[in-house]
């Protein structure tokens, strides 16, 4: 944080206050009434923003209530209800004193528990601690690589819309390049980095794209390449390295900006492909 | 009651009013007959009266005035018994309805002026005690005006008499001034205080009788009403207090402490120290064999060893369950004693050196700083929810090895504690992330393996300083937690927050063990007594309370601060408590009686930190005025010992500040955030550079 001197403004000395819009003057007057004499200039902006947000939320809620009650106009009762609900939700007060005293009386009647000796660090039971892992690693089946290719770029005349397998004996890709970053025109398909040696067998499976997270409603059949070769394939999405010989012409289509939300598609897609692959093999 | 309303419904269905009147009169006729006999009336009062009231209310609602008048006449009901139409069944309004009065709003100003004149014209001996009455009466009158919808008069009343109240009430008055309508009253926290508790005033019997006589002479029913019913007078035998004494205890939101509040016996002595293993070095130094166990303790405090054995003021060791000392702890303690021996003996002539750590580029970022007991670690809490721990000794901070490596280490080796740490990633600073809001306080455990931090998100987090990870998250306060402190013996810790409670937890309890409720505003700071049996809390309601850990009761209630309390510290002997805060004064209290014994007044801005030296001779204080000041505490305690302190006699508060001030050290423009005396009596300070 910068160690610059904070700029406080007295309400009387600043020119902005007296010549600003009416809201600003009103807010400055309110602050003065509540005894706040010194404040940074941006405080007024923050207060005004809060006021605007609060009032619009209240009126929105009030309109909801009045339409629910089938009234033509917003009534003071609607506004009152809206304010009350909002107060209970966000502007809560600490419990009243008599409740606190009652709770305290009950808690304090229980004698202090004896200490279990010599158990090392005294910690609550495990489920109240943050010491255990809160995740579970999913076991992997077989390392597979799927490379999805924009359908418009690859011309397969025999692509059909539903699941049909097309096998190519001789893949057009003679050498799998280390990393391919691809994105389809719809922008929802992501890339996978591959590292293989030799010429793997490429099976092309086309499928309709049925990812539920897809924002566009266009359904395009996406051919899927599967490389069923032994060597360990490191799988890391979004390695944006363009190599010189990508057979799949996608250099123009490397759009990484849209891939931020599409990374979530990967597990979805992968899971589906995994399943389908099992059914094939 | 519902049936009565239904009946009146059917009554109204009768076509004309005269029929209605007849009907009602017949109902009343039956009732009237029974009123001849008192006993009968007392037997069936509730049902009929309620029915009558319901009928009256109904008639009023439908504006049937003639009927109403006749009914009233027949039953001789008074207006007061009528519930107002605005009363709902909620608890809040039923309690608030105590503010209801039928009085004419314009007479409030006159009544208050009368009271003022009364106070000013009274005899000098009574004047100062009487002047305490003006503030609560002012508040009460203002709230009555607001409740009865006399907004204009209320605003005028506030404008005329508000600024005349004492300085320390002005904050509260400003909050009150924002309450101008009855609806505001329901939700205001300050209202909670004023309606649930009565303002307490301590008066001598003479003053009290004088006041009563004067009120009777004036025959002012409004004043009489308010004063009799809504103020609590704690009358004591003795002379009326002078201005200085009255001023000393004034300032709290709800008045002063009653005598019963401070009657319980408090065990302020220190716990008996256990036998410690003799460290190797000391065998060479001390020659005598039998005296060795006794000599260890006197190094720290010559008086203590004798007192601990038969100190009537010390609590028994098993009053609250405390963790056993482990070997590592015993080693630590004997190290501490050894260091204390080598420490500088402070006194009036020998002042400590001050080593100051300045945090740069953190003017609005740092909220709290804490140094560990052995002065090896420094933890700071930040507004961006981070906690950073630095090592201020040449030893760097190491993490524990991962589990796989730990399995391979030899557990029986002598230096297992050294081997289990991983040297490879040793750094000087560690960052702990986990909170969701600004971290307001941190506290090291006495064995420096654990760190607690509390934050605005309402949680308290326990961090392990071996693995540098968050181990437990304690959720109990639902509102910002302002302070957290480990107990000097470890295992227990206390927290306090915006919900006006302080809570006691143990590291292995997921819920609080004790809830200390009683403050009327949020509790700003909490501190353990050296014997871990008591907890002191300071609050925004300008009072300091002392709580008993074993049963959660408030044993001492001390008023006198004129501003919020930001820091509390117990003296090493356990008898005195020093507190300081927004009113720029340090107040020293005697725990045994709960009385204020000294007021040290030299700072020009709010105080944020206090610290006693290890031998209890010097009290250091620092705050926003960029100064560290040293006070002579031995002199103060000697003078207090000479006096004969007992509970009933209020001692004269020592305010001759200049005689106690030993030194005042200014920094360039660094406000002092925390002070810490090392084991060798070097004073470490930390602060933020203001730039």
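The backbone N, Cα and C atoms fix where each Cβ goes, glycine too.
Automatic prediction, not curation, is the source of TrEMBL annotations.
What TrEMBL records for B:10-22 is compositional bias 'Polar residues'.
Here TrEMBL flags B:300-310 as compositional bias 'Basic and acidic residues'.
Broken down with DSSP, the domain 'TFIID subunit TAF5 NTD2' (B:102-231) shows 99 helix, 7 strand, 24 coil. TrEMBL lists B:102-231 with the feature domain 'TFIID subunit TAF5 NTD2'.
Residues annotated as region 'Disordered' in TrEMBL: B:1-22 (among others).
The region 'Disordered' annotation in TrEMBL covers B:277-329 (among others).
Across the repeat 'WD' (B:359-400), DSSP assigns 0 helix, 23 strand, 19 coil. Marked as repeat 'WD' by TrEMBL: B:359-400 (among others).
Residues belonging to the repeat 'WD' (B:432-465) score a mean pLDDT of 94 in the model. The repeat 'WD' annotation in TrEMBL covers B:432-465 (among others).
Using DSSP to sort the residues of the repeat 'WD' (B:474-515) gives these counts of helix, strand and coil: 0 helix, 22 strand, 20 coil. Look at TrEMBL and you will find B:474-515 (among others) tagged as repeat 'WD'.
Away from its own ends, the repeat 'WD' (B:516-557) comes close to residues 168, 189, 192-193, 197, 251-254, 257, 261-262, 264, 266-271, 314-315, 319-320, 322, 479, 482-489, 492, 494-504, 563-570, 572, 574, 577, 579, 581, 589, 591, 594 of its chain (Cβ-Cβ under 8 Å, at least six residues beyond either end). The feature repeat 'WD' is assigned by TrEMBL to B:516-557 (among others).
The repeat 'WD' annotation in TrEMBL covers B:558-599 (among others).
Here TrEMBL flags B:600-632 (among others) as repeat 'WD'. The DSSP breakdown of the repeat 'WD' (B:600-632) into helical (H, G, I), extended (E, B) and coil residues amounts to 0 helix, 19 strand, 14 coil.
For the repeat 'WD' (B:600-632), the list of distant contacts is 300-301, 340, 343, 345-348, 351-352, 354, 356, 563, 566-573, 578-588, 655, 657, 659-679, 681, 683, 685, 687, 690: same-chain residues at least six beyond its ends, Cβ to Cβ under 8 Å.
For the repeat 'WD' (B:432-465), the list of distant contacts is 328-329, 332, 367-370, 372-374, 376-377, 379-389, 397, 471-486, 488-490, 493, 495, 497, 505, 507: same-chain residues at least six beyond its ends, Cβ to Cβ under 8 Å. Same-chain neighbours of the repeat 'WD' (B:359-400): 332, 335-336, 406, 420-423, 425-444, 446, 448, 451, 453, 455, 457, 463, 465-468, 673-674, 676, 678-679, 684, 686-691, counting only residues six or more beyond its ends whose CB sits under 8 Å from a CB of the stretch. Within the chain, the repeat 'WD' (B:474-515) has long-range Cβ neighbours (under 8 A, six or more residues past its boundaries) at 322-323, 329, 437, 440-447, 450, 452-462, 521-528, 530, 532, 535, 537, 539, 547, 549, 552.
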